[in-house]
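A.B. asks: Here you go, one structure.
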């Protein structure tokens with residue numbers, strides 16, 4: 001296929017992917033036109049010549065003219081296929097449409113069920129609704145071709161594939177029906193992988209270039225000439241291979257292999273040395289300086305990040321232990337295509353979990369006594385921070401451990417679903433963390449993985465409480481990974497929120513979420529947040545820095561303090577805690593907050609500090625009476641310590657925007673501590689602003705019930721003496 005050396009360059013392949021991304025056509029739609037539509041005249045059975053292929057590409061890419069060199073290279077790539085030779089016999093200048101379909105589908109998304117059904121019909125040449133032995137053999141030939149394309153070791157693959165195909169024939173009829181095909185492909189046999197239609201199996205070998213302006217003198221890995229200080233070149237995210245812009249087209253393929261493609265590569269990881277990139281300036285073998293200013297010199301290992309002299313290479317053994325970050329890394333030797341195992345090993349595990357029940361493209365067997373890290377990154381969080389963090393983690397870890405959340409958390413969780421003792425790192429804001437936690441909840445893991453947070457953007461209340469800081473500001477990610485190793489597991493209570501609207505015809509905004517991880521509030525703070533939210537949606541360019549956001553928030557808070565839109569809130573809200581009415585008659589409130597963690601609004605501690613006696617927080621709270629469902633006694637509330645794991649909520653009254661500002665700046669210690677409870681019900685009589693975990697909305701009169709849902713394991717960062725928990729500019 002297009003991977004054949006000398007036929008299509010990596011640059012042409014990248015351009016082809018862009019063409020496909022911009023096109024609205026699907027390869028299956030175009031194939032139907034050639035199969036029984038107006039383009040059928042170009043077909044010779046399952047084969048097609050160059051003129052027909054050219055028309056196919058124009059229609060598929062929606063282009064009047066496809067670059068001739070690209071179209072020609074693609075055609076001859078397919079033409080050299082072993083499968084094409086088998087199918088077309090003596091037809092010298094034709095290619096197989098089934099090859100074209102499979103490999104272009106590799107670059108597309110789509111529902112697995114649709115792909116399976118269409119592929120069945122593609123190989124059911126006599127259209128009788130079953131796959132007979134001849135058609136099954138053609139499928140096996142195609143699978144062998146895909147395996148060769150992906151550089152797998154195919155020496156023992158054919159008998160494994162034949163056994164898989166026999167097992168699909170569940171009724172023993174000697175043929176495979178559509179139902180058997182779809183059932184096997186959706187549950188046990190990785191058919192989409194074997195037929196080249198699973199995008200998770202995109203092959204290695206392509207550099208992932210990004211432009212970089214170098215702040216130090218470096219040398220091009222191809223021509224070995226310098227790239228001057230302050231000049232721009234290209235750096236590969238995966239291997240740190242550096243080139244001039246004009247040298248990129250001639251660069252050797254990327255040597256990083258993210259998974260084992262042969263049985264002999266499984267279990268033992270070897271060093272992968274790349275010339276240059278020795279930024280520490282000192283050899284890890286002999287401890288002498290590596291003089292990098294005169295030429296391209298030194299070697300660095302992609303996996304353990306050792307830096308050595310060229311002359312020290314012989315003194316370093318071939319086996320790589322992945323270095324200081326071995327606890328987090330899934331080395332390529334731990335990941336291999338599931339089809340490469342034979343016999344009973346290749347039979348996949350069954351599970352009751354339908355959300356993640358798909359046949360695994362890979363088997364993962366991590367190094368013993370390690371805790372592989374699954375990294376989720378929200379590229380929309382924190383401006384351009386997300387993209388920078390993605391690039392860094394793709395180099396520090398195996399790129400297959402790092403997932404952009406544009407496709408949601410499911411692909412990453414599915415990839416790791418059978419990995420023992422893995423951890424998760426979520427790079428994003430509180431909303432991103434909540435999204436990942438909700439997806440984990442639906443995945444029904446037998447053992448739920450603990451979650452750490454790398455906070456991006458503003459707010460980040462949960463990250464503050466878990467000691468991961470107020471927001472990422474370019475710190476060394478290796479230091480953060482070492483902190484994860486030193487972290488401890490704590491359990492975060494999660495609460496279910498049910499909104500029951502009154503039947504009075506008034507409309508409300510959609511409720512952002514039914515799950516509370518951090519806090520819920522009604523009144524003044526939600527009003528400020530709602531105005532902030534509307535303005536940011538209308539003018540996003542005015543909210544592109546942490547400082548600007550704080551100034552806007554200050555402006556809205558000042559306006560709210562003047563107009564007091566939620567004055568006398570107690571007259572329009574009643575509060576029941578565990579069935580007992582909470583008396584608010586002696587208070588004049590503009591807001592009520594229900595806290596699961598002691599940080600809100602980007603660093604405010606509305607509950608306030610409590611002088612802690614020596615001892616465990618849970619034991620202290622029980623001694624003070626928190627074992628009871630309700631605590632409303634003011635004297636006991638003064639000594640209650642917030643605990644995100646105690647299955648209790650703290651209820652706080654807020655007098656107004658001025659009091660909120662005083663608490664934020666530490667001029668006032670806390671709001672009014674009203675209660676500590678395990679269930680709470682609000683009844684409102686007018687439309688009021690509300691918010692869940694910083695997401696505001698306007699809610700018409702309703703009843704709101706909050707009950708405990710479950711607990712999720714989180715990772716608490718190690719203590720830091722310099723950590724400022726509730727500083728004003730945090």
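Just so it is clear, glycine is given a Cβ too, placed from its N, Cα and C backbone atoms.
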A.B. asks: According to Swiss-Prot, which of these ranges is zinc finger: 117-167, 270-320, 321-371?
C.D. replies: 270-320
A.B. asks: According to Swiss-Prot, zinc finger applies to one of these ranges: 206-254, 402-450, 451-499. Which one is it?
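C.D. replies: Going through 206-254, 402-450, 451-499 one by one, Swiss-Prot gives zinc finger for 206-254.
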A.B. asks: For residue 173 (Ca(2+) 2 binding site), what residues in its own chain, 6 or more apart in sequence, show a Cβ-Cβ distance under 8 Å?
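C.D. replies: Expected: 130.
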A.B. asks: Show which residues of the chain containing residue 169 (Ca(2+) 2 binding site), separated from it by at least 6 in sequence, have their CB under 8 Å from its CB.
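C.D. replies: The list for residue 169 (Ca(2+) 2 binding site) reads 175, 176, 180, given in order along the sequence.
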A.B. asks: For a three-state summary based on DSSP, what are the helix, strand and coil counts in the domain 'EF-hand 1' (111-146)?
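C.D. replies: Result for the domain 'EF-hand 1' (111-146), in helix, strand, coil order: 26 helix, 2 strand, 8 coil.
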A.B. asks: Going by DSSP, how much of the domain 'EF-hand 2' (156-191) is helix, how much is strand and how much is coil, in residues?
C.D. replies: 23 helix, 2 strand, 11 coil
A.B. asks: Fewest other C-beta atoms within 10 angstroms of its own C-beta: which of the binding-site residues 128, 175 fits that?
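C.D. replies: Among the binding-site residues 128, 175, the lowest count of other Cβ atoms within 10 Å belongs to 128.
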A.B. asks: What's the CA to CA span in angstrom from residue 479 (N6-acetyllysine) over to residue 135 (Ca(2+) 1 binding site)?
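C.D. replies: About 55 Å separates the two Cα atoms.
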A.B. asks: Can you name the residues of this chain that are 6 or more positions from residue 171 (Ca(2+) 2 binding site) yet have a C-beta less than 8 Å from its C-beta?
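C.D. replies: When sequence neighbours closer than 6 are ignored, residue 171 (Ca(2+) 2 binding site) has 177, 180 within Cβ distance under 8 Å.
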A.B. asks: If you skip the near sequence neighbours and keep only those at least six away, which residues in the chain come within under 8 angstroms of residue 135 (Ca(2+) 1 binding site), Cβ to Cβ?
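C.D. replies: 123, 124, 125 - these are the non-local Cβ neighbours of residue 135 (Ca(2+) 1 binding site), listed in sequence order.
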